[in-house]
Amino acid sequence: MAILGAINPMLSLDLDGDNAWRLADYVKRGGYTALRRILEEKQTQEFVINEVKKSVLRGRGGAGFPTGLKWSFMPRSFPGDKYVVCNSDEGEPGTFKDRDILRYNPHAVIEGMAIAAFAMGASRGYNYIHGEVWDIYERFEEALDEARAAGFLGSNLLGSGFDFELFAHHGYGAYICGEETALLESIEGKKGQPRFKPPFPASFGLYGKPTTINNTETFASIPYIINLGGETYLDAGKANNGGTKLFSISGHVNRPGNYEIPLGTPFATLLDMAGGIRGGRQLKACIPGGSSSPVVPATAMMECTMDYDSISKAGSMLGSGAVIVMDETTCMVKALERLSFFYYEESCGQCTPCREGTNWLYRVVHRIETGRGRADDLDLLSSVTTNIMGRTICALGDAASMPVQSFIKHFHDEFAYHIEHKKCLVPVEVQRAGSGFFTATA
Amino acid sequence: MLTSESLKRIDREIAKYPADQKQSAVMAALAIAQEQQGWLSSEAIECVAGYLGMAPVAAYEVATFYNMYDLQPVGKYKVSVCTNLPCMLTGGVDAGEYLKNKLGIGYNETTPDGLITLKEGECMGACGDAPVMIVNNRRMCSWMNPEQIDQLLAELK
């Protein structure tokens, strides 16, 4: 069982056993009834889009954009090819929920994509899967074969006259392909460099055709919304934050893993579910929504509930629901140094402010961490971030800048100490002990 | 230079895309060529480009952009360790150091017997399983404490 804990789960309900991912098991727990109902009862596209709007399902990939609204942007009656694309290129540090959804409940994604395709008049879809999780890609291919054989994919689905073909496409190591237009470029067989917007994918997407891209968890939630009704799904979460969500908890907790909870659940409850902080130590800070979201200090974090609005009020973002927990053994300069290196490595190189700026951010944080920091380095970092933000085609530059700004804002003293004393406030032995590597037992 | 087996697998990938969009199969085709050869030579890249009807430079752009393609020969086993922040907090960096000591090599180096190449990887999307490492782009190894790493190394012969 992959999902370590849950409160009122939907997506992770009854996933026990090695065959939970198989079509037969999915059908046994009510799978494909939503698609069947829509096609057999001859529901309209408007009905489906309205249910999704009523559910206030917000995109689970990071941006939190209302899914129903996104779907309504598609020119449904546009003649010719239209596409639905699933973004399973899960590479945001801290995020590992889509891997488990695809591993244990892949048919929910397939059914959700088929329903989405019906609602938007698309006849072809692709699921872009992170190249590093190869076993998941292979399993998804197998799940697709099962769905084709059972008539849930292909032409004339369940005798309705509606056609939908779905295929898996794998990435091969590029974080930027999680950006939706870079992902489209990548499916087209090119470098994954984001496109300038507008035009948006709904008018000019894959191969220049109308396209809607949603996250894996978003698609997987669709069958549950249709079965329960949009309003019931909304009530499972809280106002403006419909439904339950998977949270990936990593870092200094006793039981890192995925947890499904209603949006609006207190962070303290989630932390308890994950077994609390390792070794009875104190929480220092938390990155609540994947590495690109601003860091939140312990006290503020403990007051948050896990939903888009509460985390936003605390000055950060719910993002993909990836909660990186850091305890008192963490050196914040070292933590930021590693993140900055990541963005420098993964900048696609297209926009100068990001290509050059992420390099500057990494080199300056690196020299602070290695005891060569200069008195005006914090001002320099701040100036580099303001010169990146808002000046690039995609959000990677902003994503690289926000951690820098928030780490320095909340842990200014720690950075200043590093610069002045050429060493860390947290002794290296303490940091090492914090990782638990040398004391771990199998 | 691609075997008929590799070409058959590439054909299966091409069939996923509209007939006039063969280029979409380039990522899969390069991965298949790399599996066959152990790494991606310029010759292999050009061969893939020719098969898909693309300019060689377009295939070369893809091969150099995505970091799981190896444009230089690597050892029989390529071990990539994730050291990104969530993994670092629970031993990813330490696991990398442990491997370096055990193998007597640094990142991007290969053991003298040509058996193992060590790489520092970026987020593999498995942060809850840290420390994690991937062998030959395919096999993900989770919760790699010193004992588990020793076992893995004993197995990679």
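Using the three backbone atoms N, Cα and C, a Cβ is placed for every residue, glycine included.
Look at TrEMBL and you will find B:C82, B:C87, B:C123, B:C127 tagged as [2Fe-2S] cluster binding site.
Comparing Cβ neighbour counts within 10 Å across the binding-site residues B:C82, B:C87, B:C123, B:C127, the minimum falls on B:C123. B:C123 ([2Fe-2S] cluster binding site) falls outside any helix or strand according to DSSP and counts as coil. Proximity to chain A (CB-CB distance below 8 Å) holds for B:C123, B:C127 among the binding-site residues B:C82, B:C123, B:C127.
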